[in-house]
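In what follows, a single structure is set out as structure tokens and then discussed.
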Amino acid sequence: MVSNPIPEEVLMNEALIQDLQEVVRGAALLLSCRLDYTVLGSNADVVSYAPFTLFPTPVPRDLFEQALQVQTHFNLLVDRISQDAEFLERALASTIEVDDFTARLFSIYRQVLKEGCSQSLALGLNRSDYMLDSGKDGGTSLKQIEINTIAASFGGLSSRTPIVHRHVLKVAGLLDVEKKILDNNPAAGLAKAIAKAWELYGSERAVVMFLVENVQVNIYDHRYVENELWNRNIAVIRRRFADVYKGGFLDQDKRLFVDGREVAIVYFRNGYMPQNYTEQGAHLAGTKKVQQELTRPGVLERFFPDNPTAVAQIRATFTGLYTLDMGEEGDRTVAMALANPEHFVLKPQREGGGNNIYGGEICQVLDKARGSPDRTAYILMDKVQPQATKNYLLRSGCAVKLSSCLSELGVFGAYIRQDKRMVLNECAGHLLRTKSAEHSDGGVAAGVAVLDNPLIV
Ligand code: ADP
Ligand code: MG
Ligand code: MG
């Protein structure tokens, strides 16, 4: 049982809670911890604060450190998977048959392999997410929910969230507790990797292009990373898919030019949903199907043939993941899920929150797909059962009430590979997101989770 350093008398002090809400709103707005809807090129200047917890949430030090320590291994794993066409082809074979989106991404990957990759540099910015499972044996353990290998967000805003909660704790008179909030600066860590890759690309004139959504919900999050680059005199342009389609071309050496400017790096902050693409990205290594295949005996060893420590550290974060491929093994998964649906999560190959299936609905979906390969679009995962913490969730325009909350810890990773050599492999910082326990799914952008900070206990 993790105890909360925020005392009950503070949590229940109505007048104080009222004051602290103002502190959060003010501090978040001052720091541009904002979430809003901006249409690129429009003059939208009405903003609101990003959703926040009123108080930070306790996270045990050992599990927090475990998450940071395993990140460089996950970076290597993602990089190695992304280059292992044979593994990807096998792991995703059944998914590709029924999931058109993954199939199309895979065909882009094949095309690139066929034409030969002219780029010797690879930059990876990812975020591995965890929940602290207090399910089975009374102990608490770190369990990976997923890894995001494209458009992993909140590195920018989470670089400022410590300031907001430190302020709250000071006003609440909890000076000792305030010291338990760690510094955090993923924006600097991500920008450092982008800047290093830009330097290795080796053209002073070349720019970094952020590939962004049409309606940008989270532009201030981008801005922190973007500003770090401008501070290094690296020019950043922001473009949508349609802009690149219209104004982009590859020269004979396959250098990318957009609106006449050479692009050294494309930073994908979009491109993870089918509706982002028209007919014309690779995040195959981050699919849930690959995540499930990695839990099979011997698969991690394929990627770390001479590093059993890395294998053990990665594997320790895995919870049960089960295939729904056609055949006996998949049939067993279905039977197991139908017998105890509340113990599992059914996941399609999608990102962005709100796509997973829980409880009774799992039975509906699996019943409907009975005997058909449609079920192979999904994987099944053990439901992680974190301990709930009492907190207040603040969101612009919503009533504030004491809620039972669940948190998800994210760890940012950055790497650069040049040919076969890793030139940078780092853990770039962390993120804590918290949601009311009544919601099974959904991130910050989906309007469910809010920004938080770990309070190291
Ligand atoms: P996405 O790529 O859409 O973010 P996730 O795998 O992160 O997909 O699932 C979305 C949300 O669903 C998570 O943020 C978490 O709240 C919840 N969730 C996902 N998997 C599990 C699990 N195994 N146990 C408990 N909750 C889960
Ligand atoms: Mg995801
Ligand atoms: Mg997620």
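Using N, Cα and C of the backbone, Cβ positions are placed for all residues, glycine too.
TrEMBL entries are annotated by machine, without manual review.
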Figure out which of E342, E351, E361, E426 sits with E146, N148 in the Mg(2+) site per TrEMBL.
E351
Anything from the binding-site residues E146, S153, V217, K435 with its Cβ under 6 A from ligand 3? List those in sequence order.
E146
Cα proximity to V217 (substrate binding site), best match among binding-site residues Q349, G353, Y358:
G353
Given the binding-site residues R127, S153, G271, A445, which one's Cα is the least distant from that of N355 (ATP binding site)?
A445
Residue among the binding-site residues N148, N355 whose Cβ has the most other Cβ atoms within 10 Å:
N148
Which binding-site residues from the set N148, E351, G353 come within 10 angstroms of A445 (substrate binding site), judged by C-alpha positions?
G353
Reported in the order helix, strand, coil, what are the DSSP residue counts of the domain 'Glutathione synthase substrate-binding' (206-280)?
23 helix, 27 strand, 25 coil
Kindly state the mean pLDDT of the domain 'Glutathione synthase substrate-binding' (206-280) in the predicted structure.
90
Using a 6 Å cut-off on Cβ distance, which of the binding-site residues R127, E146, N148, E351, N355 come close to any atom of ligand 2?
E146, N148, E351
